Protein chains: 2
Amino acid sequence: MFHPKQVFIAVIGTGGVGRTFLSQLHFLGSKLCQDASSPIYLSTIVLSTSKKFISSTDYHPIHLDSWEKDLAASTTTPPSFSDLAEYLSKAPNKVVLVDNTSNETLAEAYPLFLKKGINIVTPNKKAFSGSYELWQNIFGAAANGSGIGGYVFHESSVGAGLPVISTLKELVETGDEVYRIEGVFSGTMSFLFNSFMPVGGGGSSFSAEVKKAKELGYTEPDPRDDLNGQDVARKLTILARLVGLPVESSTSFPVQSLIPSELEGCKSGDEFLQRLGEFDGKMEELKKGAASEGKVVRFVGSVDVAKNKVKVGLENFDPSHPIAALKGSDNIISFYTKRYGDNPLIIQGAGAGGEVTAMGVTADLIKVLRLLR
Amino acid sequence: MFHPKQVFIAVIGTGGVGRTFLSQLHFLGSKLCQDASSPIYLSTIVLSTSKKFISSTDYHPIHLDSWEKDLAASTTTPPSFSDLAEYLSKAPNKVVLVDNTSNETLAEAYPLFLKKGINIVTPNKKAFSGSYELWQNIFGAAANGSGIGGYVFHESSVGAGLPVISTLKELVETGDEVYRIEGVFSGTMSFLFNSFMPVGGGGSSFSAEVKKAKELGYTEPDPRDDLNGQDVARKLTILARLVGLPVESSTSFPVQSLIPSELEGCKSGDEFLQRLGEFDGKMEELKKGAASEGKVVRFVGSVDVAKNKVKVGLENFDPSHPIAALKGSDNIISFYTKRYGDNPLIIQGAGAGGEVTAMGVTADLIKVLRLLR
């Protein structure tokens with residue numbers, strides 16, 4: 001027997017975000033079932049990594065307090081995504097798929113899940129910054145697009161738990177005119193440039209800052225994955241599409257890579273890091289150029305809506321500009337709109353990290369649960 | 001015959017916010033009914049000021065393109081709020097009451113409307129910063145509280161259209177621990193102190209700045225209504241309650257008034273403004289005190305959650321602090337939480353004005369409509 005207010009949850013991915021999400025899910029589940037006015041019962045029925053898979057017998061819940069041990073002990077490999085969609089669509093009540101991976105194949109299967117009425121919440125940027133066709137298929141199927149399938153929410157795909165996507169959607173839906181979006185969208189790039197050229201002077205060589213950032217865990221295992229600008233380009237693609245620009249992909253507009261062309265052939269991240277110092281002079285020149293105008297250099301992304309232009313790369317900012325004044329690895333996103341006039345609506349704070357990314361996913365899950373009531 | 005996807009709207013208040021809201025409602029209504037996947041038909045059935053009232057015959061819609069003329073021509077005075085609730089509860093489908101007033105009596109009637117299943121969206125601070133008993137009665141009745149009545153949303157009651165309340169709710173609901181909320185919550189106070197003591201020096205006497213602010217339309221008609229700090233105190237009351245503190249009322253914690261005690265007896269705003277210059281020396285001292293520490297003075301509000309302390313008044317800030325760097329009449333709200341660590345989640349932008357306040361109301365209406373689907 002299933003309770004009519006039972007919602008089934010399938011979680012894929014147990015990395016940094018996935019693990020933290022599972023503990024937030026545990027917290028949320030026990031809170032929701034105690035809601036005197038209208039309890040909701042969350043039952044996790046699938047938990048999967050790329051290698052291991054556990055699912056419940058007859059859609060009964062997996063125990064969230066022993067998931068790690070249970071998953072490690074599993075000898076089952078994950079089914080294909082279409083088999084998974086089939087299994088979930090037969091659940092005796094509504095289902096939410098939580099994709100805590102950055103898996104492109106899973107992203108491409110979203111329309112399939114949505115069409116079967118399965119809801120999706122995810123920080124996976126791939127689904128929303130891949131081909132425009134995939135974007136159209138997702139929102140053509142989703143109930144919060146033009147379809148009649150499941151709902152899809154992806155707040156954490158830009159700025160982690162910061163309310164970036166929800167705010168942009170509200171501006172658009174209530175009829176404001178968004179002129180321009182500008183900001184620092186990468187915690188790594190924020191940290192790198194806030195250290196390389198802090199307001200007021202200081203900072204060591206660029207290659208030394210990259211090494212420091214890597215040691216402190218601010219970069220991807222291979223720092224080239226940050227320095228190529230693609231992470232930022234994906235986020236900009238998502239925002240531009242939300243505001244109505246039919247951006248073909250995250251590679252269809254200018255993205256400045258900080259990987260010197262001479263180092264593009266490096267076989268490993270380590271080789272790259274070893275040789276990066278050869279190009280410190282070039283970065284030092286950029287720094288001097290900015291300083292000669294009384295400015296600092298930052299790695300930013302922007303969407304110019306009227307001109308239909310998206311761009312990612314280095315730009316110089318006055319020290320009094322909020323982008324220059326950013327601290328640590330914070331993100332900042334400014335929305336310039338008709339209603340907000342000269343002073344943009346600004347959202348600022350940590351835009352990466354397991355806790356805040358998982359929080360965005362959990363908040364999306366809560367949104368879906370409300371809509372499913 | 002009514003369409004099952006018809007939602008009835010009653011709008012009270014046609015001042016700056018109300019008027020702008022009506023045009024946003026017009027825009028939203030025509031967009032929603034064209035939604036191919038699931039059209040919603042909005043029908044405005046009541047439009048009221050404190051003096052005039054129009055309602056539709058048999059719940060057929062009022063024409064939004066001629067509301068101003070129609071309302072002016074009306075000879076009907078508004079019914080009592082309990083009669084209005086009765087009328088709305090008999091509508092053949094769901095109803096949203098949009099309260100664009102700052103009417104305290106209407107605020108006190110919210111539980112009555114909610115219990116009858118009528119949904120409410122509003123920027124009216126009175127309902128949420130009045131007695132704690134009223135707060136409890138509202139959320140004890142509301143579907144998004146612990147009740148089974150209508151939904152109530154009030155994003156615009158703090159920071160106008162800025163996503164302040166929704167963000168705070170998400171932090172709490174997803175299990176983050178909010179330590180402290182701090183910010184500039186009044187556009188008037190922001191403008192006044194950004195002009196009185198800009199970073200880098202300058203600014204004229206305090207009384208001159210108040211007069212300038214009034215001329216530019218940044219203050220209430222009687223500037224004492226801004227300077228007494230009560231507007232900020234009401235907003236802090238709302239945020240403190242959302243984070244779980246049972247604040248008794250907006251007068252139950254320390255609020256620094258900028259009205260000199262000697263001028264409390266002034267009969268009019270004009271008399272007050274004429275005499276305010278007598279106290280410029282005192283404000284100049286505060287300015288010098290801050291300057292001697294290398295800081296600037298600002299009018300801020302804060303909630304210290306652990307210490308259960310709410311406070312409103314003047315404080316000094318380092319020029320590099322985001323509160324010091326604020327421009328124009330912008331608001332800034334910083335959430336210090338466990339997940340966000342040392343660098344708070346910050347939201348910044350215009351926190352007053354008809355357009356952005358109405359936008360918050362319209363966004364809330366969209367949220368309710370989604371939940372009513």
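Every residue gets a Cβ built from N, Cα and C, even glycine.
Annotation source TrEMBL lists domain 'Aspartate/homoserine dehydrogenase NAD-binding' at B:13-144. Residues or ranges marked as NADP(+) binding site in TrEMBL: B:Gly13, B:Thr14, B:Gly15, B:Gly16, B:Val17, B:Gly18. The NADPH binding site feature in TrEMBL is assigned to B:Thr101, B:Lys125. Feature annotation from TrEMBL assigns domain 'Homoserine dehydrogenase catalytic' to B:163-366. What TrEMBL lists as L-homoserine binding site is B:Glu220. The active site, proton donor annotation in TrEMBL covers B:Lys235.
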Filtered B:Gly13, B:Thr14, B:Gly15, B:Gly18, B:Lys125, B:Glu220 - binding-site residues with C-beta under 8 A from chain A: none
Recorded positions clustered about B:Gly15 (NADP(+) binding site) [Cα within 10 Å; pool: B:Thr101, B:Lys125, B:Glu220, B:Lys235]: B:Thr101
Sparsest Cβ surroundings (other CB atoms within 10 Å) among the binding-site residues B:Gly16, B:Gly18: B:Gly16
Chain-internal residues near B:Val17 (NADP(+) binding site), provided their CB is under 8 angstroms and they sit 6+ positions away: B:Asn100, B:Pro123, B:Ser156, B:Gly354, B:Thr357, B:Ala358, B:Val361
B:Thr14 (NADP(+) binding site) and B:Lys235 (active site, proton donor), distance between Cα atoms, whole Å: 23
NADP(+) site shell beyond B:Gly13, B:Thr14, B:Gly15, B:Gly16, B:Val17, B:Gly18, criterion: Cβ within 8 Å of Cβ centroid: B:Arg19, B:Thr20, B:Phe21, B:Asn100, B:Thr101, B:Gly354
Same-chain residues at least 6 apart in sequence whose Cβ lies under 8 Å from B:Thr101 (NADPH binding site): B:Ile12, B:Gly13, B:Gly15, B:Gly18, B:Ser50, B:Asn124
Secondary-structure category, per DSSP, in which B:Gly13 (NADP(+) binding site) falls: coil
Fewest other C-beta atoms within 10 angstroms, as judged across B:Lys125, B:Lys235, which are the recorded positions: B:Lys125
